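Worksheet for the structure shown next.
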Amino acid sequence: MNKDTFQGSRLLLLDFGSQYTQLIARRVRELNVYCEMHPYNHLPENLEDFSAVILSGSPYSVRSAEALHPDLSALKGKMPLLAVCYGAQYLAHFGGGEVAPSNIREYGRAHLTYIKPNEPLFEGIAEGSVVWMSHSDTIKQLPTGAVCLASTPDVVNAAYRIEGEETYAIQFHPEVTHSADGMKLLGNFLFKIAKLTPNWTSDNFVEMTVAQLKAQVGNEKVILGLSGGVDSTVAAVLLNKAIGKQLHCIFVNNGLLRKNEFENVLKQYEGMGLNVKGVDASARFLTALAGKTDPEEKRKIIGRVFIEVFDDEAHKITDAQWLAQGTIYPDVIESLSVKGPSATIKSHHNVGGLPDYMKLKVVEPLRMLFKDEVRRVGRSLGISDELLGRHPFPGPGLAIRILGDITAEKVTILQEVDAIFINALKENNLYDKVWQAGAILLPINSVGVMGDERTYERVVALRAVESIDGMTADWVDLPYKFLQKVSNDIINKVKGVNRVVYDISSKPPATIEWE
Ligand code: XMP
């Protein structure tokens, strides 16, 4: 990050492992303040660049043997600090107060009563405001030098501050939407107490990142693999703005993309002025996949062939020094997580990138952005809503939507089915209401009747889900009339298909993809 752009207005968020920590980061960013999340026990080396700190909640109890107990002497009393939930208990327990198990476990809504009126943290928030609690310990006695600011019917010390410091602590969670004035409270801390400047905007990010990329890359060449997805596209446009033709993009057709996707997207990329080479390697992928039915094996083959094709192309670009990747902030946070990287259920998400033998330096222009911020930056760069609003599409493409072995004929059938479904969603203004949609070719035939003939043809499943991040998902209640029309169109127009079913499983326990 360029040191100057957000100087004096960076917030440090220390993660004690709460499920809500990322949400705090997002809320702070929504208030246009630049925020970095770091594990509780690893303060950033450039601590002097931060002007305020928030301590997150935690699944641990401060009273337990495994309580997280970092040394915060470099922060507390030195800069404005807001401690949330575990953070508040932590300051009390290790600061001369007392934390004890609650008589009642307090989960859910509670109402605030002010003990000390006219506090800047609560400015503009009416007494009685609903706050969201989630804790089983309670602060019985405040730490040395603290004054109680607010209570709820069950929690005496729901908020306090430490005299002579800009240290505030709250037992409830302002980051969840159930805390009615949570954003106002966070804003009060950021702007009234910490006096930060709300300068984290897409335009500032673009300006800063372009300057930073120019300095980082100089006049060297960068290679980037475009996928048609939002992240790689935004990364490419940012780099293009910074270094122009020094950026060499490679867009590989693995033969498993949607109908006409390769040609259409390539044309759009060229129209955006990107220096892009389209490589049609369909035959190479299909040959390598022939006869393979195991989903993980299919994924691995596609990953391996992609690297081979990419490597062949990269070698044609002489003297390239850099490999650009579309890594985004949740991937970075995951790799630094207090709990360690979460278990992977499928071997996806391309983490780890390309093999070492490529020996390129890595540049990741989006590594500080959440997904919604990537879209906003894309918009500020003038990328079309059509490209930015595209549903996620898995790297192995239709290979994991053709259950069983893959042949060119099956790919064509699924492309036709998928195109009818996706186009119908668009024509009926349903596309943007769905997070991800697609069709799956099942490995069974079913009996049907067409005219006087008995048929024995393929079955396809349609899947449409709503989700925030793909971690959990629910099937979309698409109108019956719409499904009826799509089903008719598919069966009438796609030769070889005589039955359409709609997947009504949520994730968990199902997953979004079938393989
Ligand atoms: P699941 O099926 O795990 O999917 O519920 C969650 C999200 O991940 C995508 N997905 C993949 N993406 N390579 C990818 O790049 C893969 O192997 C892969 N498998 C699933 C899926 O499309 C959904 O958005």
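FYI, residue positions are counted from 1 along the chain as it appears here.
Quick reminder: no glycine exception, Cβ is built from N, Cα and C everywhere.
Just so you know, TrEMBL annotations are computer predictions that nobody has curated.
Per TrEMBL, the features are:
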type     : residues                                               : note
ACT_SITE : Cys85                                                  : active site, nucleophile
ACT_SITE : His173                                                 : active site
ACT_SITE : Glu175                                                 : active site
BINDING  : Ser227, Gly228, Gly229, Val230, Asp231, Ser232, Thr233 : ATP binding site
DOMAIN   : 200-390                                                : domain 'GMPS ATP-PPase'
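Surrounding the centroid of the Cβ atoms of Ser227, Gly228, Gly229, Val230, Asp231, Ser232, Thr233, where the record places ATP, the chain contributes additional residues within 8 Å, namely Leu226, Val234, Ala235, Gly326.
Taking the Cα of Ser227 (ATP binding site) as the reference point, the closest of the active-site residues Cys85, His173, Glu175 is Glu175. Mapped onto three states, the DSSP output places His173 (active site) in coil.
In this structure the C-alpha atoms belonging to Cys85 (active site, nucleophile) and Ser232 (ATP binding site) are separated by 37 Å. Most Cβ neighbours within 10 Å among the recorded positions Glu175, Asp231: this distinction goes to Glu175. Each of the binding-site residues Gly228, Gly229 was scored by other CB atoms within 10 A of its CB, and the lowest score goes to Gly229.
Confidence in the domain 'GMPS ATP-PPase' (200-390), given as mean pLDDT, stands at 89. Around Ser232 (ATP binding site), the same-chain residues six or more apart in sequence whose CB sits under 8 Å from its CB are Leu224, Gly225, Leu226, Gly326, listed in sequence order. For Val230 (ATP binding site), applying a Cβ distance below 8 Å and a minimum sequence separation of six or more within one chain yields Lys371, Val374, Arg375, Gly378, Leu387, Leu388, Arg390. Of all the binding-site residues listed here (Ser227, Thr233), the one with the fewest other CB atoms within 10 A of its own CB is Ser227. Taking the Cβ of Cys85 (active site, nucleophile) as centre and 10 Å as the limit, one finds 25 other Cβ atoms among all the protein chains shown.
In this structure, the C-alpha atom of Asp231 (ATP binding site) lies 31 angstrom from that of His173 (active site).
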